[in-house]
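Annotated active site, GMP-histidine intermediate per TrEMBL: B:H57, in sequence order. The GTP binding site annotation in TrEMBL covers B:16-23, B:41-43, B:58-61, B:E69, B:D91.
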Amino acid sequence: MTGEPALRDGVTLVLGGARSGKSGFAERLVAGSGLDPVYVATAQIFDEEMRERIVHHRALRGAEWRLVEEHDALESVLLREAIAGQAVLVDCLTLWVTNLMLAEADIRARSFALLDALGACAGPVVLVANEVGLGIVPDNKMARDFRDHAGRLNQEIAAHADTVHFLAAGLPLTLKG
Amino acid sequence: MTGEPALRDGVTLVLGGARSGKSGFAERLVAGSGLDPVYVATAQIFDEEMRERIVHHRALRGAEWRLVEEHDALESVLLREAIAGQAVLVDCLTLWVTNLMLAEADIRARSFALLDALGACAGPVVLVANEVGLGIVPDNKMARDFRDHAGRLNQEIAAHADTVHFLAAGLPLTLKG
Amino acid sequence: MTGEPALRDGVTLVLGGARSGKSGFAERLVAGSGLDPVYVATAQIFDEEMRERIVHHRALRGAEWRLVEEHDALESVLLREAIAGQAVLVDCLTLWVTNLMLAEADIRARSFALLDALGACAGPVVLVANEVGLGIVPDNKMARDFRDHAGRLNQEIAAHADTVHFLAAGLPLTLKG
């Protein structure tokens, strides 16, 4: 993919909608870095449909990737894995927010803890996140709360990040960096 | 916020999704202008959830803001408030469209009246609007009609505006100006 | 519309949400090219609401447009119509995906056939497509599948296209080309 952006130091946020190509773009960023790639999967597998999506994504990545599954303690995983010589991809922040909501965790406190952890990382981190606020207001309160939590975290990570890309139809638009 | 755009003369449209940071961005534009800031709130308060959102937003603004609540006659408020020495923020156009729909007003006629009023303003105006058309087609006709009305007004204001910013995760992308 | 992009050779993708102005922008691209404009409508008319939208769109175009209605065999229409001296507008790809889903067609096979046809076109083609993945995850499986199919096709067409514009509030943002 000639002309695509290269991985930069620090924190990169890759934002996009469903099927925007954000995970594939983030994977190419990390894989092209020459660093050892670590894939941090935040998905909890609840049903066959989700399992299929995950298996499909895994098959698209190469064998050089190390897989870490962590649906909750993302902060400590980042501190442990984002070290010199490694590049960490977190896919995705929005599922992590979903997990925190399901676990009735204190999302504000955990968001601050995540920002602290990102500030302490020694290697580059790429975070994939969904933009979910561009449709009609959802009918139910839980979906509206989710939209608030996910959007607020995206803003905080974007403010902290060194680089922010927005993906549409697989094409990146650099919003920051 | 170094490097953020400054308020320009004329009409500025700030577009974005829910929790995209569009209101905060628009407030910083106006607050940084050195002009007396006027906040025009179009929200009608129907329930506790909405009241909480409004109180939260108000607390984030400073005491130097003058508040005008107007959920219907936006045109005359603009003509009265957008005068030399003042900068007006309208938050938001999309709630105004919702109000007009609930009141069964003639939305096309009111949209033209709003454009006329904007053309006659002597001071800068910043309008915040939601982009709501980037999700799945809604199931119910009223939501589809709302999406049409809101989207059409956004296009008309954007065509008229001197400056248009699109916000994602708190980061502005200048589409015009 | 001074300053708007001009039609370029090859394949142009115009992406946007509902009421983003994408069809109007695509029509101006084609109409301004000096070539004979051909409008390929993929809509199937199921109800009065859809008929009204179509009649409204038709009335906005001029009499110089030739209309081809084809809700299924888009590939052969492109091969027949995208010839020297003509410029073809397909409105829209996303309705075509919907049609294929309703017909239980093999969407992957048809997407590849479409890409092949686009590669063989002798005249410029402008494809309009909806971005539908930027809202909350839909409740029902069919809507999620649709979002996957539409998003995947958008990515494939965008990778193949020479030019990609994203529309918001009627304003184009060039993502490629």
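Heads up, residue numbers simply count up from 1 along the chain you see.
The backbone N, Cα and C atoms fix where each Cβ goes, glycine too.
As the structure is a computational prediction, the values presented were derived from the model and not from experiment.
Sorted by the number of other CB atoms within 10 A, the recorded positions B:R19, B:K22, B:H57 start with B:H57, the lowest.
Comparing B:K22 (GTP binding site) with B:H57 (active site, GMP-histidine intermediate), their Cα atoms are 12 Å apart once rounded. Other Cβ atoms within 10 Å of the Cβ of B:G16 (GTP binding site), summed over all protein chains shown, number 30. With all protein chains in the displayed structure included, the most crowded Cβ environment within 10 Å among the binding-site residues B:T42, B:A59 is that of B:T42. Within 10 Å of the Cβ of B:E69 (GTP binding site) there are 13 other Cβ atoms, across all protein chains. With respect to their backbone Cα atoms, B:E69 (GTP binding site) and B:H57 (active site, GMP-histidine intermediate) stand 14 Å from each other.
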